[in-house]
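> One structure, pasted below without further comment.
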Number of protein chains: 2
Amino acid sequence: MKTVKVGICGFGTVGSGTFNVLTRNAAEIAARVGADIEIAQIGARRDNPNCSTGDIPVSRDVFAVAENPEIDIVVELMGGTTVARELVMKAIENGKHVVTANKALIAEYGNEIFAAAAERGVSVAFEAAVAGGIPIIKALREGLAGNKVQWLAGIINGTGNFILTEMKEKGRDFADVLAEAQALGYAEADPTFDVEGIDAAHKLVILASLAFGIPLQFDKVFTEGISKIAPEDVNYAEQLGYRIKHLGIARDTGKGIELRVHPTLIPEKRLIANVNGVMNAVLVQSDAVGPTLYYGAGAGSEPTASAVVADIVDVARTLSAEPEHRVPHLAFRLESLSNHPVLPIEEVETAYYLRMSAQDRPGVLSKIAQILSDEGISVEALIQKEPVEGQDHVPMIILTNRTIEGKLSAAVESIQQLDAINGKVTRIRVESLAG
Amino acid sequence: MKTVKVGICGFGTVGSGTFNVLTRNAAEIAARVGADIEIAQIGARRDNPNCSTGDIPVSRDVFAVAENPEIDIVVELMGGTTVARELVMKAIENGKHVVTANKALIAEYGNEIFAAAAERGVSVAFEAAVAGGIPIIKALREGLAGNKVQWLAGIINGTGNFILTEMKEKGRDFADVLAEAQALGYAEADPTFDVEGIDAAHKLVILASLAFGIPLQFDKVFTEGISKIAPEDVNYAEQLGYRIKHLGIARDTGKGIELRVHPTLIPEKRLIANVNGVMNAVLVQSDAVGPTLYYGAGAGSEPTASAVVADIVDVARTLSAEPEHRVPHLAFRLESLSNHPVLPIEEVETAYYLRMSAQDRPGVLSKIAQILSDEGISVEALIQKEPVEGQDHVPMIILTNRTIEGKLSAAVESIQQLDAINGKVTRIRVESLAG
């Protein structure tokens, strides 16, 4: 049996997971590929105390792996976008195939990386970059290849979903759960990437390119985090039959592509509304198959390694194949990518949950309804709480029908100027996710 | 751009769906494949009044398609295992690639078909044979290629799931819902294939081969239908925190492979327990990634066509590639398939729900508990109903821990011989589906 030689660059959580999976399941993998996958070199600045690498040569210089003439596939698991980018470009330049789990790298520099890879006739595989072990890249690029994708919506950050699940199930507040998530190791010391949606935006950009055949455009994603979600919003959502999830949403409206990450009320009966804890799921609506959903672990050592190894298997199988026999990096062939515009958030169409503190006297509701109506927005549901003794303001919650964000913003601006309204109006977008 | 020529054999629901998807999404598909997919011939005994085929030559003899020297890919969408089998073998003999949606054909004759295809160097693709438009074949063969699969459990018959969902949500009985399903066109006039689990068994056999690297062994599946599920079982299950689903389950126990289709109590909090109506889902537990779930439409014209077209795209892309660059038909290379035995149902390990009609007097429960205990079976939960006035028997429901089916059968035999027990003991298997 022939041997395919891989070099692993970066030997932290995912690197050691990849090492362990390739080693433990070597026989099954060889029986699938028809070749032995040999880890021929590891590039890592330091040893991993949790993973012994035996006789495998370890280089402190990751570039030595990209320069090693024996290596067929360079596996980039370092993270970051500076050294990782240089390494991937060097590996491509040297005619090596690349497997990476690096979502930031693909989202921000994928266009140039794929162009270089196409020129050199090599593959760059990145299944692990989105939703960890869920084979969602493969589903979008290949499994749904007969479809026009209409929209997709994903829970693609486990930390955020863990926080929202705890807030819902235990009535806890955001800061409290975040502190626990940090203690458990789910959240980084600087949680901005996770809770402000930057990590999800990286993944969404990749999914949207595969779904709609557009270049990667990370700078055009609208991103809103979950740090402002209050426990009462979680409660009111529940009373209305909804759950709050932090979703990455991409939609082809015909006029352009919506690309947005934000907290979203979704009907509790949807399967994706019941994806809890650190788990990830992506719901894809397509014209032929209708809705399909893909669920699994979105992070972690071996779940991510599962995707890395699947990529290694794919690349190993087509190592000596002509490039035309491989699946295009962004699902569509480079020359077929479209210049469909990404819509600014003001032009996005969605429904809204509004919460405000309103004076409890006749006429207030009618004023609010008039302002909404002037913008063409109608009210789908309303909760107005009984006043607590001694308080003259009560919480008022409104669900609107679908409208354009710009109109909603104008209405909210006017509502906030009413004397009867205290402070700011809280707004959370609402999606039915109906097929 | 080059052209790949396909011939569609069978022009009913799925055939016309495939025609429609290939025609409507031709531009997107070509941009993915790098080739135009041309429907060069249709073989069908009669026209489809719902689908106009324009200028495409139609032959009344499907074998004319397999003999047509212009055709690259024969798409078999006729169903059945007689003419379809001959057609597929003829197409392979003529060096054509094959795409089929025919689960019975693959489950019962796949071994001989794949052997012939390997010998001739052609592909036989069958994504549409399991769970319609869900890309589950691709997920198992490629997406999870780094994993050892431990078990899988699927809702893989939409008719059965529709019936169980209606029974649960509306308290209706089996016969009543079945009649409605037949009126709606979900169920065939002869519903045996669906409700007795034969259709699910065909699909399970295919999934199990891909997961565990064993040959297709349809004759070894244990199959039990849903026709004996009573409304009270649905209710008691709910009281115990469970839902009843008709599952296909395959598990590698180390001693052998379990292959079984039967009604199953599963915890209501599992995502798959919330897959309702005609929808399908497959839950796969693997060693590296843990649990992953795949959800979507398991039948219907365009959902099934979605899978057929994905296969056409895969085959078209590797048309001129060496066979070694293609994914093996059964995930593992033919020479690597194992002879791991399939376990008889008596050796299967699972937990049980038992319902019996017991005399309401002291000592009965202790006798039952003693019989179970003598077989090493302990009781996890018990419901004993208050007697209705004038009746001396009450329903007694027992959940057992996990045991070997043979032992449970012996215990049930003994319980049925007790004077205090009226009639037969109802048994339904219980799975936690925990990762």
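Note that Cβ sites are derived from N, Cα and C of the backbone, with glycine treated the same way.
Automatic, uncurated: that is what TrEMBL annotation is.
Since we're looking at a predicted model, the values are computed, not measured.
For A:Cys9, A:Gly10, A:Phe11, A:Gly12, A:Thr13, A:Val14, A:Gly15, A:Ser16, the entry in TrEMBL reads NADP(+) binding site. Residues annotated as NADPH binding site in TrEMBL: A:Lys103. Taken from TrEMBL, the feature L-homoserine binding site applies to A:Glu188. As annotated by TrEMBL, active site, proton donor applies to A:Lys203. What TrEMBL lists as domain 'ACT' is A:353-430.
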> What's the CA-CA gap between A:Thr13 (NADP(+) binding site) and A:Glu188 (L-homoserine binding site) in angstrom, rounded?
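Spelling it out, the Cα of A:Thr13 (NADP(+) binding site) and the Cα of A:Glu188 (L-homoserine binding site) are 14 Å apart.
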> Using C-alpha atoms only, work out the spacing between A:Glu188 (L-homoserine binding site) and A:Lys103 (NADPH binding site) and round it to an integer in Å.
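Here the two Cα atoms are 16 Å apart.
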> What is the average pLDDT across the domain 'ACT' (A:353-430)?
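Taking every residue of the domain 'ACT' (A:353-430) together, the mean pLDDT is 94.
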> Let me check the 10 A CB neighbour count of A:Phe11 (NADP(+) binding site). How many other CB atoms are there?
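A:Phe11 (NADP(+) binding site) is surrounded by 24 other Cβ atoms within 10 Å.
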> Restricting the comparison to the recorded positions A:Gly10, A:Phe11, A:Val14, A:Gly15, A:Lys203, which residue's C-alpha is spatially nearest the C-alpha of the residue listed as 'NADPH binding site'?
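Sorting the recorded positions by distance from the residue listed as 'NADPH binding site', the top entry is A:Lys203.
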> Please compare the binding-site residues A:Thr13, A:Ser16 by how many other CB atoms fall within 10 Å of each one's CB, and tell me which has the fewest.
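With the binding-site residues A:Thr13, A:Ser16, fewest surrounding Cβ atoms within 10 Å: A:Thr13.
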> Excluding A:Cys9, A:Gly10, A:Phe11, A:Gly12, A:Thr13, A:Val14, A:Gly15, A:Ser16, which residues of the same chain place their Cβ within 8 Å of the centroid of the Cβ atoms of the recorded NADP(+) site?
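Apart from A:Cys9, A:Gly10, A:Phe11, A:Gly12, A:Thr13, A:Val14, A:Gly15, A:Ser16, the close residues are A:Ile8, A:Gly17, A:Thr18, A:Phe19, A:Ala44, A:Asn48, A:Leu77, A:Met78.
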> When DSSP states are folded down to helix, strand and coil, where does A:Cys9 (NADP(+) binding site) land?
strand
> Which of the three DSSP states, helix, strand or coil, fits A:Glu188 (L-homoserine binding site)?
coil
> Which number gives the other C-beta atoms within 10 angstroms of the C-beta of A:Gly15 (NADP(+) binding site), all protein chains shown included?
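The Cβ of A:Gly15 (NADP(+) binding site) has 26 Cβ neighbours within 10 Å.
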> Count the other Cβ atoms sitting within 10 Å of the Cβ of A:Glu188 (L-homoserine binding site), across every protein chain shown.
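Taking all protein chains shown, A:Glu188 (L-homoserine binding site) has 14 Cβ neighbours within 10 Å.
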> Closest to the residue listed as 'active site, proton donor': which of the binding-site residues A:Cys9, A:Phe11, A:Val14, A:Gly15, A:Ser16, going by Cα position?
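Considering only the listed binding-site residues, the nearest one is A:Val14.
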> Which state, by DSSP, holds the residue listed as 'NADPH binding site': helix, strand or coil?
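The residue in question, the residue listed as 'NADPH binding site', is helix (DSSP, three-state).
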